[in-house]
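J.: Quick paste of what TrEMBL says about this protein:
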- B:261-270: compositional bias 'Low complexity' (COMPBIAS)
- B:271-282: compositional bias 'Basic and acidic residues' (COMPBIAS)
- B:1-103: domain 'HPt' (DOMAIN)
- B:308-543: domain 'Histidine kinase' (DOMAIN)
- B:545-680: domain 'CheW-like' (DOMAIN)
- B:46: phosphohistidine (MOD_RES)
- B:256-291: region 'Disordered' (REGION)
C-alpha cells in the first residue's frame, strides 16, 4: 500500500521534470526543451539569402520543405565560427514553423527537476534574459536554458515578417 | 456544356453546403449560439434554396424555404434555440439530403417526409414564436389530402368560425378529461364522446389544427391526434393527419417536453391500418452508388500534398540519375541498373503528369458562362453577335480557371462594346450584320493560349496615340503597333467616345493585365483597323510548376521565370552608358534598358564584374524591360515552386524558391522586386542592411 503511494508521489514529481537537449556553442552549454526538437542533421547545402542578417545562413531543403538556417554562434557573437564535421543543425518546430539552428555540437539529453532550474539573472546585451527560461544546475555544470520559441519569433531574429498576420 | 453538368455542379455544391450546415448545427452552442454560425447555416439553406429554385426542384426549394424562414428567426434572436430544436433542424437537413439524392437519381423525393418536416418546422414556428411561416402551400398529391390539416395550416388567417373534429386515439380516460379541458380553452367544445380507442371532440372557434395539435402534444403523442373539419366527419379516410403518415420517424422529443402525462406504451401501435409506409424512405441503392463512384471530392490540400511529394520523387530520381551517369563507364557493364534508371525516369514522369492532371479542369467551365454574357451585353448594346467557342476541352489548373474568369469577362465585354460595330455600320462597310466573337483555348508548349477574337473595327493606332498624349503618357509616333496597343492597359486609359454601363470608364483593362500577370501570364494584342482585334492571353498551365531559366552568378544558381525572359546577348562596351550617378543603361536596338547587375543587388561574391564578359538577359516585368547581368546561362528547366514564407519571410527580389536536381535550394528571382532593390541599394550608397529592407515589403503589393 505504502509502496503504491510512493509510486504515485514519484510520478507526480516526474511530471514536473522536463527534458532538455543540451548543445554547445563554443565553451558554453545551452539547452532547449526537447519537445521543440524535430530532428538533428548535418550542416550542408545551405543556399545563401542576400541582404539577410549575417546570422541567417540561408535556406536548405529538408525533404521538400524550405527551412531557414540560423547560426546561433554568430547571433551570440562567439569568437570562432567554423563549419566542420561536428557542426550540426538542430531542426526545431516553433510557432508552426520549421527552423534549423546551427550549433557546435549536441551532447546529450538531460532531465531536470524543478529544483534544478534556477531563475535566470538579469544580464546580457547579446542574449536578453527574456529569451531564457532559466539556468539549469547539474553538479559542476551550468546549462543556459533557452526559450527557443521566444528567441526565434523575436523581432531581432528577423525570421518572421513583423507585419505578417501569422 | 450540357445542362446535366450544371446539375452535377449544383448537387456537389448543395452536398457540401449540407455538410457544412450539419457541422455548424452540431457545433452550435444552444445556450449561447454564435451568430456567425447561425448566419452560416442560414446562408447554406438560402444558397440551396436558390439553386433548387433555378433547377426546378420544387420540393427541395419549398423545404429549404420553410427551413430558411425558421433559421432567419433564429438568427434574429426571435427563436430561442434548444437542443431538441437543433435535433429537428438536423432532421430537416437529413430530409433535404434525401431529397437531393432523389433528384440526383432523377426520382421524385419522398412526399411524406417532405410534408412531415414542413409540418414539424411550421409547428416549431408556431410554438416558439407564435407565428406561421409564409410557407408555400404544401402540394396535395392526392385528392384525399385536400382536407388535411397541413393544407389548413398554411392559411390560418382564412380560418373563421367553423367546426373541427378532433379524434383522440388510444387515450386513457384521465388524459381525455385533461385534453377536453385544454380544448375548451381554445374554442367551444360542442360535444365529446367515444371510448378509449377513439374519442371524438367537436370544436368550434377560430383555431387552427396546428394550434390544437401544439397544445395537445404536451400530453399525448401527435400520432394519437386526428383533426378534420366536420364536413367530412363521416369520411374517415379523408381525415388524414399529416403526422400520421410516418409516425415512426417523427421526432417525438420535439413535441414532448414532459412525459409524466404521457399515456402508457400503445401510443404508436395502431396507425398501421392507415399509414401507407411508416418506414423511412428506402434509398434506391444501386443507382445512387453508380452516381457516386463517378467522382470523389478531395480537398485541394490533399491534392497539393500529393503534387509536392511527386515533385520530391522527381528530384530524387534526377539525383539518382546524375549519380548513375557520373559513374560513367563503370555503370555501362551494369545494364540492369541503366534499364532500371530509365524505367524509373519514365514512370516518375508519367506519375507526375497523372497527378498534375488531377488539378486540371476543362476551359468549358469558364466558357460556358459566356453565351449568357454575350447575349445580355449584345442586347443592351443593340448589336447582333454570334459567339463561337473553340477548344473547350483544353485543360487548365483549377486555381487559374477560377482567376481567369473575371479578366476574360472583361475582355469579352470590351470586344462587344468597342470592337464590334453596330449592325448598320457593319453593313455600310460591307461586313455581315452579325458580328463574330471567337473564344478559343489551346495548348502551346508549356502554356495555354486563350484568345478573344472579334471581326470588329479593330484598334485605331492614331487615336490611341492621340489619346495617350492627352493623358500625358510618354509616347512617340515610331512605337511599334504592339506597344501602341499595350497602351490600353495603362491605368485610366479609355478611347471610348462615351462611357456606357458596359465599359469605357478606363478602369479595368489595367486590372485585367495585372491579374493576368499575377498568374504568371501575359496579354498580347493583335489588331488591324477595320478587320478586328485578337487579344491573346498566355498563361502557364499551372502555378505549382514554373518554366524557369537557370542562371549562374558567382557560384550561385538562380531561376528566372522563363515567361519574363525575352532574349540574351553579350553586351558590347560601346552599348553601355553610364547615367547620372551609378545608373547604367544598355542600348539594345534603339532602346535603352536599365541594367541590373545581379551580383551587386544580391551581394554575390566571385562573380564576373566586367559587364562585357557577362551575359545580359533581357527580361520584362510589369511592362518594363530590364537588362540583367549574369555570369552564365545554364538552361531551361521546369521547377516546382516552393513558398519561402512558410518557414521564413518574404525576401526582397525573390518570389519563391525551388529545389534543384542535386537537392539544393535555388531562389526564383522577381524581376521588378530586383529592380526596386537595386535602386534602393544605390540610394542607400550600397550601405543597405537588413532592417531598411522592410521598406520594400511595404512597397510591394501583397
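Yeah, the Cβs are placed from backbone N, Cα and C, and that goes for glycine too.
Note that the coordinates shown come from a computational prediction; the quantities given were computed from them, not determined experimentally.
Tell me about the setting of these features in this model.
T.: Sorting the domain 'HPt' (B:1-103) by DSSP state (H, G, I as helix; E, B as strand; all else coil) yields 85 helix, 0 strand, 18 coil.
Cβ environment of residue B:46 (phosphohistidine): B:64, B:68 lie under 8 Å away, each six or more residues apart in the same chain.
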J.: Mind looking up the mean pLDDT for the domain 'CheW-like' (B:545-680) in the predicted model?
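T.: So the average pLDDT across the domain 'CheW-like' (B:545-680) works out to 84.
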J.: Count the residues of the domain 'CheW-like' (B:545-680) that DSSP assigns to helix (H, G, I), to strand (E, B) and to coil, and report the three numbers in that order.
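T.: Each residue of the domain 'CheW-like' (B:545-680) counted once, the result is 23 helix, 70 strand, 43 coil.
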